[in-house]
Amino acid sequence: MARYRDRVGNDRFIPAAHDENYENAAPPPAGDARAALLRQALLGARGRVLQFAKQTPPPAAPPRAQRSPRTAPRRACATPFRVLAAPGLRDDFYLDLVCWSRLDVIAVGLGSRVRLYRASNLKELCDVGIGDAVASLAWSPDGRRLAVGCASGRIALYDVGRGVVVTPANGHRGRVGCLDWRGDVLASGSRDRGVACRDVRVSPRKTVARWKAHRQEVCGLRWSPGGDALATGGNDNAVRVWSASKLGAGAQELQGHGAAVKALAWSPHHRGRLATGGGTADRSIKIWDAARGLRLSTVDTGSQVCALAWSSAEDALVSAHGYSLNQILIWRLPELARDGVLAGHGKRVLYLALSPDSRVAVTGAGDESLRFWACFGRRRSGPGGLLECGGIR
């Protein structure tokens with residue numbers, strides 16, 4: 001240690017720990033040189049423990065993920081854009097008195113008369129006679145012929161362009177409350193519990209099939225969009241689906257309703273999917289896979305289901321209701337979730353039809369009025385002055 005005493009400023013020199021030959025270690029630097037080395041070792045290039053500098057801006061936040069815009073739920077206009085008086089429109093659950101053709105003509109049954117409506121033009125098509133009354137109406141797919149079912153059981157076919165009866169068809173022994181077409185084949189359902197099918201190309205007087213379909217009155221009847229199946233609903237609370245290849249035999253029965261089933265509608269979007277609605281004691285709408293007899297969903301609507309229509313514009317269902325809410329509902333599918341409430345009728349909303357583009361609904365009620373609703377946006381086409389006159393008289 002003697003040699004350290006000969007040097008200046010070496011009082012705290014510590015040799016490197018890895019240098020085992022302490023005696024041969026280099027002497028510590030003296031004065032300013034030693035201070036410079038310590039500063040370099042401790043502070044690096046900064047040279048100071050604290051220093052003033054311009055504040056560095058914080059790094060930019062990473063861009064937020066863009067959320068996909070939520071599709072706003074469709075909102076139908078809650079008030080009708082037309083209200084028309086329809087004196088003589090009967091308040092009867094078992095009738096079907098309003099229909100809308102492919103050619104944009106609306107037919108309405110008022111007592112014994114049938115009136116046709118297009119734009120601001122109104123004309124009377126026929127009068128079924130004293131002592132009888134119109135019970136059901138159905139346009140042919142081409143919109144040129146109108147089938148009229150009567151309370152007496154008669155069925156008449158009208159050529160609308162010529163305004164004449166083509167041929168009175170043999171009907172039923174009771175009221176004909178429902179009609180529907182598949183091409184040139186007309187199906188009819190009656191209070192006599194039977195269903196009859198006739199090919200009008202051959203003869204409206206001859207039936208190609210006739211059978212007892214229900215234990216009570218046949219309340220509703222609809223062909224599937226492809227024409228391969230016929231659904232019927234009865235006052236016996238039953239729904240049956242008949243194959244077009246073997247009408248009258250081997251029906252698929254859909255069980256679950258607790259009241260008469262008048263309201264029937266096939267999906268134009270999903271093959272074999274059927275909607276059914278029950279009467280006052282049931283109040284439910286059910287969606288079925290008709291071919292397999294499977295119930296896909298059900299909802300309690302809170303009131304009598306009088307009519308159903310499945311829109312081709314959107315995958316949505318429109319329902320018309322009687323006791324006790326007297327309203328029209330729109331249902332989003334496949335959830336069968338309520339998507340709109342349309343109110344305004346003072347009595348049961350018994351009749352419902354959609355425009356050719358399925359965007360506008362016309363409803364008829366026991367308050368003897370027709371109301372027009374923009375259920376799925378504005379119409380893409382159609383008569384400019386739709387139903388401008390003040391009523392059907």
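Any Cβ shown, glycine's included, is placed from N, Cα and C.
According to TrEMBL, the protein carries these features:
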type: COMPBIAS; residues: 63-74; note: compositional bias 'Low complexity'
type: DOMAIN; residues: 84-373; note: domain 'CDC20/Fizzy WD40'
type: REGION; residues: 53-74; note: region 'Disordered'
type: REPEAT; residues: 211-243; note: repeat 'WD'
type: REPEAT; residues: 254-298; note: repeat 'WD'
type: REPEAT; residues: 342-373; note: repeat 'WD'
Is it the case that the repeat 'WD' (254-298) and the repeat 'WD' (342-373) have 3 or more CB pairs under 8 Å, with pairs at least 6 apart in sequence? no
Grab the same-chain neighbours of the repeat 'WD' (342-373) for me: Cβ-Cβ under 8 Å, and only residues 6 or more beyond its ends, written as numbers and ranges. 76-93, 95-104, 106, 108, 304, 306-309, 311-314, 318-323, 326-330, 379-382, 386-387, 392
Residue counts (helix, strand, coil, in that order) that DSSP gives for the repeat 'WD' (211-243): 0 helix, 19 strand, 14 coil
Could you give the residue numbers and ranges of same-chain residues that sit at least 6 residues beyond the repeat 'WD' (211-243) on either side and whose C-beta is under 8 angstroms from one of its C-beta atoms? 93-94, 174-175, 177-183, 187-191, 193-195, 197, 249-255, 257-268, 271-272, 274, 276, 278, 282, 288, 290-291
What average pLDDT does the predicted model assign to the repeat 'WD' (211-243)? 97
